Each structure stands twice: as C-alpha cells, then as structure tokens.
Ligand SMILES: *Cc1c(COP(=O)(O)O)cnc(C)c1O
C-alpha cells in the first residue's frame, strides 16, 4: 500500500493507490453508493478554515458569522453551529435554515439590500443579533415594522467604502457603482437619523467589499475608511459597539495565493490597535473561505466526442450543478478520480448535458480518460450546490459530508417527484 499523496492546495484530498479520497473515504465508493453528480465535503477542511480565523482573533472579542449563502446545506450549517459560529444570512429562508441547524439567534446577522417586511418581522420575532441595513429607505421600513411589533431592532449600517477589491466585477460589492451599502459621505447623517428613531438601536457598522479577494491591501484600505467614519460617527455621541468587516477572503482555485485568515487578521489588528479600536467587538462574515475547498463534485464521463476544432468530454454534471464557470467564467480544477494507465492525454472541453453553449465546466483540459470514468471537479464547496437549479428538469445532486473514515449523506438526490409536486394543470 502506498502512502496517500496529497493534492497540492487541497490537503484533505489525496491519491492513494491511484484513487482519490476525501479524508479517508474513496470517491469511487461514494459514487457507487450514491450516484453522480455527487458533492463530497471534508468536515476537517471546514474546521481547519475556521481555526485560521480563530487563531487570527486570539485574545480578542470577535465573532465569526459564516455567510451561509456560500453553502447553506443543513449538514454544513450544523458543523459551524457546533463549532460556536454565528451566521450571516440574506433571507428569511436562510434564517429558517440556521435555526433548524441549531444556531443561537443572538449570533445571527441579517444582510441584504431587499429585506421584505415579512422577513423583518420573522427576524425580530426570534431576536436576531443585528440587521445590517443597506439603505435609508430600509431604515424607515425597519423602524416602522419594529414599532408595530413592539420591539427595537439592533442595527448596523452597511457602508460602501468605495474600495476596488480587484476581483470579478460580478463579485465586487464595495465600489460606488454597486447596489450594496450606503455612500461613505452619507454615513454620518444616516447614523444620526437612525439614532433618533425609536424602533431602532444602533449597535455597529459594517462593510463587505467583494468576494474571492486574494490580496490584503483592499481590506486594509477599507479598514482605514471605515475607521475614519467610526471616528466621525462617534464624535456625534453615537457609540458603535461592534465593527463588522464582512467576508470575501479568496481561496486557491488555480494556484491563487490568498493570505491565510490568520495572516490577514494579524495585519488588520495591527492597524486596529494603532488606531485604538483593537479591543472593540469585531465581526467577520466569511463564506467561501470556510467551505470552498472543502468540497469536490464527482461526475461521470458520459461520452467523449471528437470535434473539428475541439474535443468534448460530456459529463453528467452541468451548469445547474456547477454554475460558476457559466456565471463568472470561473476556473475549477478537474482531475480523474482514478489514474488510468492506458490511452493518452487529450485536450478536452469538459461540458454538461444542458442545452446551452454556456454549459461548460472546464475548457482546454488535458485528460487521460474514457467513457464511464469518474472526474472530480475541485473547489466545489462554495457557490455551487447553493446556486444549483432545476434547469432542464435536472434534479439537484446529493451531498455527502466526510469526517475521517465516516461518510454521511447530508442531502439525498432530488427526485422527479420533488420537482413536479408543486405544479398544477389549469382547471
Ligand atoms: C456574500 C457575502 C459574504 C460572504 O462572502 P464570501 O466571499 O463568500 O466570503 C459576506 N457578507 C455579505 C454581506 C455577503 O453578501
């Protein structure tokens, strides 16, 4: 028996005797048991990713609120709830999910530009920790709803620090042209107004500048701009109990080298200390960096199809399972689950069965494969299953959580019955 060889950048995936395993569980055996496409997650990768944040905040008053839109499966949420995390949610549905997973409502923060009155009432009723308010209009509505409900809503206002996170335009959120947050120059006036509203209690300030950020500098830039505002707001006599710097830290998809969460926060804390805010309560809202490289998607090669210009490798996973390439031209590594000795490597476009030319998973990939082989699409823990759809009446994939030698099916494959159940014919 050979020693398992770890995949570079993926410490919880290894090749043992030519076969990929996640922690100590073989992907071939999981695919045989549960079918494909199949998402498989390493629990240890998630806990290690969380530990990097905890190391960075050692000795500080800090709370990690997992941004569940990255992966909101109950089995994943339970891992973070048991580890003591708070949660960042963006809908009433996400609130119901975190509560079902055992979250403490006081550790839940509610972000998003379009909260409905019903969602506000739902969050007030369970007593969430904070609403991250994103506009002046939302402030007025939340105040009115809170008064109607006989409660006070704890709020933070999301500031748009106008910092370029140098990431894909669709996942840049802190620039002037984005729909998120309120403009920097309006912030003091908005806080003064918020403090005067009887249904609201000002508790903090927040920002979130984008996603898949692989550099410390945009964070440091946002930090200085937020702290300038904190000083200006507190001069008016309003106290901000917490500072929330959002999420956005990137992961290694293709040799990317984001800083570790501990490294990032050592640098952030140096600046916070220098400006006298190091002992303030700190909140972060990481999503991708807590789950992204925990997951792989196992898919079967249905056909190989030589073409005039391109060779296609048609697999049973598609853009409805793995939407990131179609949405953001994102790169996912694709590797065979079992090394093949025969044949030779061929350059393929790896595509799904969905009837769209945008349905590709990887372009120009050199693979030594044959019909029936399994492939693993790496870095599939974040923004894959959570964005999955039923396009082309494809059922959503199953999910397995691996911990050491143990594998738990945390979501069964969606059936056709699940899909058709909500529909009716005309009377
Ligand atoms: C999406 C989002 C996050 C998490 O972003 P990641 O890039 O996944 O870390 C955090 N906060 C808010 C407000 C978000 O919208």
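Just so it is clear, glycine is given a Cβ too, placed from its N, Cα and C backbone atoms.
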Record says 288, 324, 328, 356 bind substrate. Source is TrEMBL. Which of 253, 383 does it list for that same site? 383
Pyridoxal 5'-phosphate binding in TrEMBL involves 285, 286, 287, 288, 383; of 248, 255, 352, the partner in that site is 248
Greatest C-beta neighbour count within 10 angstroms, which of the recorded positions 69, 288, 324: 288
Expressed in Å to no decimal places, the gap between the Cα atoms of residue 69 (N6-(pyridoxal phosphate)lysine) and residue 287 (pyridoxal 5'-phosphate binding site) is 7
Got a sec? Which of 248, 288, 324, 328, 356, 383, the binding-site residues, have CB under 6 Å of any ligand 1 atom? 248, 288
Fewest-neighbour residue among binding-site residues, criterion Cβ within 10 Å, set 328, 383: 328
Nearest of the binding-site residues (248, 285, 286, 287, 383) to residue 328 (substrate binding site), judged by Cα-Cα distance: 383
Excluding 248, 285, 286, 287, 288, 383 themselves, the pyridoxal 5'-phosphate site's Cβ centre has within 8 Å the residues 67, 70, 211, 247, 249, 289, 290, 382
